[in-house]
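Copied from TrEMBL, the annotated features are:
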TRANSMEM  33-53  transmembrane segment
TRANSMEM  65-90  transmembrane segment
TRANSMEM  102-121  transmembrane segment
TRANSMEM  133-151  transmembrane segment
DOMAIN    142-250  domain 'CAAX prenyl protease 2/Lysostaphin resistance protein A-like'
TRANSMEM  178-198  transmembrane segment
TRANSMEM  210-232  transmembrane segment
TRANSMEM  238-254  transmembrane segment
Amino acid sequence: MFGIALSGVAWALTRKSDPPAVRVRRPVAELTAVLIFMVIYAVGFLGFGMQALKASMPDGQTRDLLILAVKLAVHVVAPALLLLAFGGRVAPLFSTGLDRKGFWSTLIVMGAIFLALLSVVSPSLKQIGDLHAPIQVLAWAAPAAFVWIALEAGLAEEFLFRAVLQTRLAAVLRSETGAVVLGALVFALAHVPGLYLRGAPGDDGYSTDLFQVIAFTIASLSPLALMLGVVWARTRSLLLVVLLHATIDILPFLPEFLTHWAGITPAVH
């Protein structure tokens, strides 16, 4: 669904967009460095680092803040410094693209589609309803949770995988389509060590068979990455892909945010 239908919707909504090119001064050298970073990131951070980080303190606000800071450092600061070390320009990667054709229509239409789909196929709305959060709490918690997840998941992953990786792939391959496809595959494979090494029985995709984990991550994550890759390639708007990523994650994330930051827990019957 995500990979074909929504990528087609994204293409149609951005068909009149004419984004500026992102100049890559040393394509092969920069891509090589980024791919080496990806291996270290996938195994060291997603495979072992996150496990150690979460085990270092109890669940709650302090740990949430630490995880947010570390994720931004690993996903944004570190790759930005890496590109600067190779003489690359980082500022164009942070372009908001607010004035580009298709920005608002893509955000509104696709954001609404994501929220509608998740309302139907995920248990998130039931989980939120089970908390019985007062409307005055939801009034501040929902926007705050959206901003939080836009930073922790949206900015972190979209900067690394779309702005940094996909632009280098496109420069080397001289093909935006090839960069979108390979970028989506790398995005999925980067999550294999985390699921394989940190996963537990009951987790989606958990298996002691490495090849089953690989197949699961490709099937479940690459379609989403494909769609976001199309949006990035067509608009070069980091803000747009960040906000779309946040609309995908907000409903599943909101119950946890309400528990940690509003002190609301499910009633015990």
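The count begins at 1 with the first shown residue.
Each residue, glycine too, has its Cβ placed from N, Cα and C.
Nobody curates TrEMBL annotations by hand; they come from automatic prediction.
Per-residue pLDDT, averaged along the domain 'CAAX prenyl protease 2/Lysostaphin resistance protein A-like' (142-250), amounts to 93 for this model. Sorting each residue of the domain 'CAAX prenyl protease 2/Lysostaphin resistance protein A-like' (142-250) by its DSSP state yields 93 helix, 0 strand, 16 coil. For the transmembrane segment (102-121), the list of distant contacts is 1, 6, 9-10, 13-17, 231, 234-235, 237, 240, 243-244, 247-248, 250-252: same-chain residues at least six beyond its ends, Cβ to Cβ under 8 Å.
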